Amino acid sequence: MTSFFSSTIAGVPRIGAHRELKFALEGFWSGTVSGRELGQTATTLTNDYCDQLAAAGLDSIPTAGRSYYDAMLDTTALLGVFPERFQNLDDHPNDGLPAHIDRYFATARGTAELPASAMTKWFDTNYHYLVPELSADTRFILDDTALLTDIHDQLTRGHDVRPVLIGPLTYLSLSRTTDGSDPLDHLETLFEVFERLLAKLPTPWVQLDEPSLVTDVAPEVLERVRAGYARLATRGGVFVNTYFGAGDQALDTLAGLGLGAIGVDLVSDGVTALEAWKGEELLVAGIVDGRNVWRTDLCAALGTLRRLQARGPVAVSTSCSLLHVPYALTAETGLNPEVREWLAFGEEKVREVVALADALAGEINESLFDAAAAALADRRHSVLTAARDADITDADRSRSPFEVRAAAQDEALDLPPLPTTTIGSFPQTREIRSARARYRAGHLTPEQYEDAMRAEIAQVIRAQEDLGLDVLVHGEPERNDMVQYFAELLDGFLTTTNGWVQSYGSRCVRPPILFGTVTRPEPMTVRWFAHAQSLTNRPVKGMLTGPVTILAWSFVRDDQPLAVTADQIALALREEITDLVDAGAKIIQVDEPAIRELLPLRRAEQDAYTRWAVGAFRLSTSTAPDHVQIHTHMCYSEFNELIRSIIDLDADVTTIEAARSDMQVLAALKSSGFHLGVGPGVWDIHSPRVPELAEVSQLLSSALESVDPRRLWVNPDCGLKTRGWEETTASLKVLVAAAEQARTDLLQRASTSA
């Protein structure tokens, strides 16, 4: 029998404490970093992190090997199922990189001729994964050389590592097929493939991540999963881990199979797990929060662990991978000292895991336990977290009927059919980033920085006018991030200097920390909007980030309901919208790209969420008069699940990421009777390629088949912050040309029918 471990974490970050992998990747893609250098960077990061975890005292160390982009994409490579369009792509193996690296990155980023795979959010987080593309004819061909090499390297370095892989159910549940077949048709076959793979792994333990087991899974599928894991269990040392939700379904499905361990997320739902566990396998208790930044209540956690230990073997872990939190609090030197004591980043969470495991074995670190108790008491009684009184009525969340608003807006805006616009941000050039850095370092005065941003806004306005766009944006040069910008201007938030987490690939974000009562001390965007609007006769959109997205993309206080915090943010945005209207804004965009992320994974819990999420958005926007058009933007979402909520938001225009998913959202819009304005994106900005006119025209034609042309907008998928000016200009020329061509066709059809 494989001996049990006592302390571990669910998974590891890959990007590096100082974003080393990000810079190596971007250098490799641009040709300034060699394949050998990229491989060495990934190797160093993997080795150093394993060393740190071992030194911290963990007795089982998770490893995914050298990952260059995403765990789901790693699994696609492992199973040999890159999309068909890339299968004939000639690989050019670089020393130190896997032989499939060209197909790997083509799947993630596309090529000049071929689009990338779809990308969407990982369950209810702000991390993104590459969606596998399968078909009924898919054949899995193990390509495990890189994985086995990486595991062997760590074993020779003396580490007790545990490979972490995406499990069969989760991999297939998150896949899409190109022929309409069911990905789960491959379930039994994939279990057979994993059986062969696990037999080759030289480690006592192997971890298979099955977060899909916390979602709604059909009973017949659970039976097939149970049968599959019964086969894998014979290997010994198989640890099936779940996270992001209650573990009752997983425990019921997997109990009694002879698995070595089952992991559950006690942060999301500890009570259910306590009831469901029968004490037969090692329970890996995810009791340290892996996706938020607050210190653990060590005394309460130890009490829970002791109750579990009375029923069977227990190991201490994080609730999910530490991919979702910053590396270490020690890198932050400028935080509010009081709030700092309330926090724990990745390094500190590992220390908490070890302390709890030691305490469970009878060795209590009294200084750490006392410090945690003192911090929790201070946070509970701090004036920074005091409640804000708000007398909110149903009328505060309501506007006039859409038909009334649409008539007023059509008269106020006088736009052509199929109006063209962008989502908000324009390229953040080296000059913009330099000016911001120099300003923060004190090398530019506020006046000099303001002048630099105003000059950039003027350039963006001129460029849009030259391109022929109908509704303009100011380009957001003053914003380093669409959430952090507002967090720095609202009370109740703090921001970090090195609190980076991976969003996707080389893209990293620094989520702000929402620690207290949210208020708006002064206007945040009005002066930038007013300057932009003064430069043009065309309408310029006021640009705000919505309350749910600010919530979803921040580390949020966990001592009051999310609905209460969302309304606090909404009231601050409501004040900003009132000021924008007073400054002359006729269109105000309130982005909610993250509204899908916080949706509970089980249907029984979703209605309550959508009520308060929709309510917060409407609370922020309902102050706008009828003639002011409210836009919102959404991306990376499974819109079919949210179509009713999108309608309930009651935004006048909703722009949606759609190009990468071949306009799949259109069917949902059509079947729902969606009657509001909509702009399904016709250009995938996440791929570094300029779309062909025929490609954009085809997407626009598809949209016209499902959307009333009087309510259809033409726009890219997302903001243009990460793109260069050359590709942005070229792509927008294509977008405008496609819109003009479609307008001509509409007018011709109208004259013919007349």
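Backbone N, Cα and C define each Cβ position, glycine as well.
According to Swiss-Prot, the residue from Lys121, Lys541, Lys670 that belongs to the 5-methyltetrahydropteroyltri-L-glutamate site alongside Arg19, Glu20, Leu21, Lys22, Arg507, Cys508, Trp553, Glu597 is Lys121. Swiss-Prot lists Ile423, Gly424, Ser425, Asp591 as binding L-homocysteine, and of Glu456, Glu465, Glu476, Glu641 the one it places in that same site is Glu476. When the candidates Glu657, Glu705, Glu740 are compared with the Zn(2+) site entry in Swiss-Prot, which names His633, Cys635, Cys718, the shared residue is Glu657. Applying an 8 A CB threshold to same-chain residues 6+ apart, the list for Leu21 (5-methyltetrahydropteroyltri-L-glutamate binding site) reads Arg14, Ile15, Thr41, Ala42, Leu45, Tyr68, Ser506. Cys635 (Zn(2+) binding site) falls within neither a helix nor a strand when secondary structure is assigned with DSSP, and so counts as coil. Rounded to a whole number, the distance between the Cα atoms of Cys718 (Zn(2+) binding site) and Ile423 (L-homocysteine binding site) is 6 Å. The L-methionine site, placed at the center of the C-beta atoms of Ile423, Gly424, Ser425, Glu476, Asp591, has further neighbours from the same chain whose C-beta lies within 8 angstroms: Thr422, Val473, Met482, Met543, Gln589, His633, Cys718, Gly719, Lys721. Using a 10 Å radius centred on the Cβ of His633 (Zn(2+) binding site) and all shown protein chains, the other Cβ atoms total 28.
For Ser425 (L-homocysteine binding site), the nearest of the binding-site residues Arg19, His633, Cys635, Cys718 in terms of C-alpha separation is Cys718.
Taking Cβ-Cβ distances under 8 Å and a sequence separation of 6 or more, the neighbours of Cys635 (Zn(2+) binding site) in its chain are Pro593, Ile656, Glu657, Asp717, Cys718.
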